[in-house]
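J.: For 20-39, 46-69, 75-95, 116-135, 150-169, 190-211, 231-252, 310-328, the entry in TrEMBL reads transmembrane segment.
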Amino acid sequence: MSQDPMDFEWSYWIEWGRERILWLLAGHLLVSQVSRLLVEKYKPWCLMVYGMAACWLLLGIKGFAVILLHATISFAVAQFQLSLLTWLCSLILLSTLRIPAVEEAKRKWYDTENEYYLLLFTVSVRCLFCTSFSLEYCWHGPAQKSSHSFLWMLAYVFYYPTFHNGPLVNFDEFSKQMRRQEAFSLKTNLSVLIVGIIRIFFWWFLAELMIHLMYIHALYSSAPPLEAASYWALGGLALAQVLFFYVKYLVLYGVPALLLQMDGLKPPALPCCVSLMHSFTKMWRSFDVGLHRFLVRYIYVPMGGSQSSLLGTLFSTALTFAFVSYWHGGQSYLWYWGALNWLGVIVESGVKRILSVSVIQDLI
C-alpha cells in the first residue's frame, strides 16, 4: 500500500533514521553504557568524542567545522558576559543560514539535497544549544566558570541524542545531571530500554498506519477536495492533522528521550496529547517542553514576563513568538502563525485577569 508522501518531515527523518542515524544512536548507547560501567567520571568526555565523530561521519569535515566554528564564536563572545551581545551573536549566526550565497556554497559540499538539509536542521538546533550555554556563562560568577569551560560547551553541543532535531535541554539542566554520579544498574537500564523500545515501536506503527490510510497532508495540498468538504469534514481533517503531528513527535522525541534516560539524565516530558488541550497557553507549555523552557528562561523572564506591566507582558510575549517564528525559518506564513499564537495567548491571559477580579468571581 502506498503512503501519503506529502509530510516531508516524517519521510525525511524516517529515511535518515533507517540509513544511518539509528545506527549512530545505537553506537552512542553502547559508548554511554560502557563508560557508565567502567569510567563514570569521564562519561561526558567519552560521549563528547563520540558525538564529534558521529557529526564528522554524517556531515563531513566541512559540516563538522561549521558547527565547531559556531560554538567557538559563541564561546568567545560569551567571555564579555553581556547577555545582549550574546543574543546579537546568536541572531547573526542564525541569519547566516538564510544568506543565499552561503546556502549555495554549503549545497556544493554534498551530493544530495537531503544531506544539505541535515546540516541546515542540525546547525539550527545547535544555535539554540550555543545560546543556552553562552547565556548561562554570562549569568554565572567566576567561581562557577570551571563547569562552564569550552570543553563542557563541546560536550553539550555535540551530545548526540539531541544533535539533529532536539529535544532541547538547557545547559544548566544538562551539566548538573551529567556531573551527577549515581549507582548504575545494567539490569534496570535494560528493562527501561526494552519498555521504551516497545512504546516507540507502537507510536511508530500508529504513525505509519495514519500516513498509509488517512492521506491528511495530500488532501491539504489540493484545493478542490477542501472546497467540496463540509465544515464538519474540514474540522475532522484539522483534528487528524494535529493528532498525526502529535504521534509523529512522540517518535521523533521519544527516541532521544529514551537515550537521555539511559545516560542517567531526565529528558523533557514528551508532548501532551493535543485532544486534551483547550488553550494556546497549555499547548505551548506541554507540547515541546524543552523549547518552552528555553523561551521562558532566556527570553520571556529576562524581558519582564508576567511580573512586569501589561505593556511589558505584551512586549515580552511578542518578542518570544517573534524569535520562534524567526528560528523556524522566518517565512511570511510563520510570522502570521506566530502572530495568531501570540494573539491567542494574550486573549487567554486577558480573560484570566478579568475573571480573577473579585467582583467578577462573586458574579460567577
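Including glycine, each Cβ sits where the backbone N, Cα and C put it.
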J.: Where else in the chain does the transmembrane segment (116-135) make close Cβ contacts, counting only residues six or more beyond its ends and a cut-off under 8 Å?
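T.: Result: 12, 16, 55, 58-59, 63, 66-67, 70-71, 74-75, 77-78, 83, 86-87, 89-90, 93-94, 97, 106-107, 109-110, 148, 152-153, 156-157, 162-166, 168, 170-171, 294, 298, 327.
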J.: Near the transmembrane segment (150-169), which residues from the same chain, at least 6 beyond its ends, have a CB less than 8 A from one of its CBs?
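T.: Non-local partners: 13, 16, 21, 24-25, 28, 44-45, 47-48, 50-52, 54-55, 67, 71-72, 74-75, 118, 121-122, 125-126, 128-130, 132-133, 175, 178, 252-253, 255-257, 259-260, 263, 265, 267-268, 288-291, 293-294.
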J.: Which stretch, 46-69, 75-95, 231-252, tops the Cβ pairs under 8 Å count with the transmembrane segment (310-328)?
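T.: The stretch with the most contacts is 75-95.
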J.: Please report, as numbers and ranges, the same-chain residues at least 6 past the borders of the transmembrane segment (46-69) whose CB is under 8 Å from any CB of it.
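T.: Contacts of the transmembrane segment (46-69) (Cβ under 8 Å, skipping residues fewer than 6 from its ends): 20-21, 24, 27-28, 31-32, 35, 39, 106, 109-110, 115, 118-119, 122-123, 126, 151, 154-155, 157-160, 163, 263.
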